Amino acid sequence: MELMGNGGGRVNKEYAMGKRKMMAMDQDMDAGMDELLAELGYKVRSSSMADLAQKLELLDRAMGNSSALDDISHSHLASDSVHYNPSDMSRWVDNMLSELDAPPSATFPSPSVVDLSPINVSSWLGYPAQPTLSIQSDCGSEPQLGMESREWKRVRTSSSSTACSGGLLIRPSEVVYSSAMPMMMVESDHEAGIRLVHALVACAEAIQEENYKSADAIMKQITFLTSSQHGAMRKVGVYFAEALGRRIYSLHPKQDHYLDSAFSDILQMHFYETCPYLKFAHFTANQAILEAFAGHRRVHVIDFGIKQGMQWPALMQALALRPGGPPSFRLTGIAPPQSDKSDSLQQLGLKLAQVARTINVEFEFRGLVANSLADLEPYMLDVEPEIIAINSVFELHGILALPGAIEKVLDTVRSLRPRIVTTVEQEANHNADGFVERFTEALHYYSTLFDSMDGGSDEGSPEKLMTEVFVGRQICNVVACEGFERTERHETLEQWMSRMRGAGFEPVNLGSNAFKQANMLLALFGRGDGYRVEEKGGSLTLGWHNRPLIATSAWRVAGAGDGVEAAR
């Protein structure tokens, strides 16, 4: 404001003096203020907390009174207005109560409750549940500031208590952005989602700096921000918050790895049924194996992770329809030991043999139990004069934590001289040394994955929930674990290409036929318009919109050609 006239110098001098007095008064008032509320921009003396709590309770009850709300609707406190929120909370509450004019003894109808309680991560992790928050409101035909509203309004707190008395209306287009002032927000899901992502990354940064006090404080914000989300973003917030919480509080319960493996296999079956990723992996790998087996009468597949054997009935059916009749088909399935000591591999072999008999394919199955792929030796695989294909779907990244393990496995594979090696891995780098870099990559990757899984007719079904648990366990391993316990060490296709070439392999082009048929497969899948198949250096990737999520590649021993295998 500019002051004019001959007395302008004197006025400016008095104005400056008055300003210094006000600053001094503000400093005096700051003494004895509650520190937690002060950090949020509110001035409340510690000695006044009890009185303020009573006033807030009274205000809450008054706001729930339908008659009081009717009176407000004709004033500047109407529901479509937003007031500056003063830093002097006590005075603001007094002003609100005076305008509502609600007597303490008034009886109000019980308002409906909109539960906006933050997700309590502590309760998930075994800590006592913390008090929850709820907003009580008399629900009308349409909430003006509900969480479902697509318009957001931002209330700027003011250092002056007079900001409230003016009853100023702020429209979204008139909002003033200021990072220097504390904010109280009522915003859209998108805006809150951005804040949730920022809070998650900030928590990861605090953990990397070993500032666990700050990480704990940020976790409280994360739980509240997560509670305001819906759909994919809420699931992302839940699983990443749990993983961060486990890392902050060092909650790593001892697990039975045998039981854990069996449970993961069950979860993966649901993932197979509800998402196209495993179907794509099996289809593209089978197509490459089928082409490699063309014209050969004795073929042998060594599966590095047989699990439930879901991949192989389709291959057997394709072999049965081959011109000239099906070949003799051997399958070696590798699996970890089972917790119940049952011979699940034998049971799986019997089921696959029944499928083979039905379609007239000569079939032999052999199960091989191994704690790790690194334990395999060439003699264990019982190779005969035959065409060999080695298949690995989401298996190789699991041994990267063991020093020298991946090199040993690739040496074993190369010694078998296979006609083809098919590998499917996540298209992500979750094996970086820096925690924040790994966390950020995982956050983007799994946000895209959950987005691709969101919606659909099966939303909320037990199968879908089990699928989400399957993905959530991966997130927990990437974020919360370190050392040998961190097995989800995904790497990008480029990294695997470099590693495979260095181990003496050369790529095999998957071809346009696999590309076209993969797109046909996705066309049959719900929400197929969002999935994208792309060719990259002879390999195929499947992603959601512009983000590749998994990659299938095929390899053979460098320089082997077709002559070595043709002799078998």
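In case you wondered, yes, glycine gets a Cβ from its N, Cα and C as well.
Bear in mind that the values here come from a model prediction, so they are computed numbers and not experimental data.
The domain 'Transcriptional factor DELLA N-terminal' annotation in TrEMBL covers 34-104.
Mean pLDDT, taken over the region 'VHIID' (268-333), works out to 95 on the 0 to 100 scale. For 268-333, the entry in TrEMBL reads region 'VHIID'.
The region 'Leucine repeat II (LRII)' feature in TrEMBL is assigned to 347-379. Across the region 'Leucine repeat II (LRII)' (347-379), DSSP classifies residues as 17 helix, 7 strand, 9 coil.
What TrEMBL lists as region 'SAW' is 480-556.
The list of residues near the motif 'VHIID' (299-303) in space but at least 6 beyond its ends in sequence, with Cβ under 8 angstroms from a Cβ of it, reads 289, 293, 311-312, 315, 319, 327-334, 381, 383-384, 386-392, 416, 418. The motif 'VHIID' annotation in TrEMBL covers 299-303.
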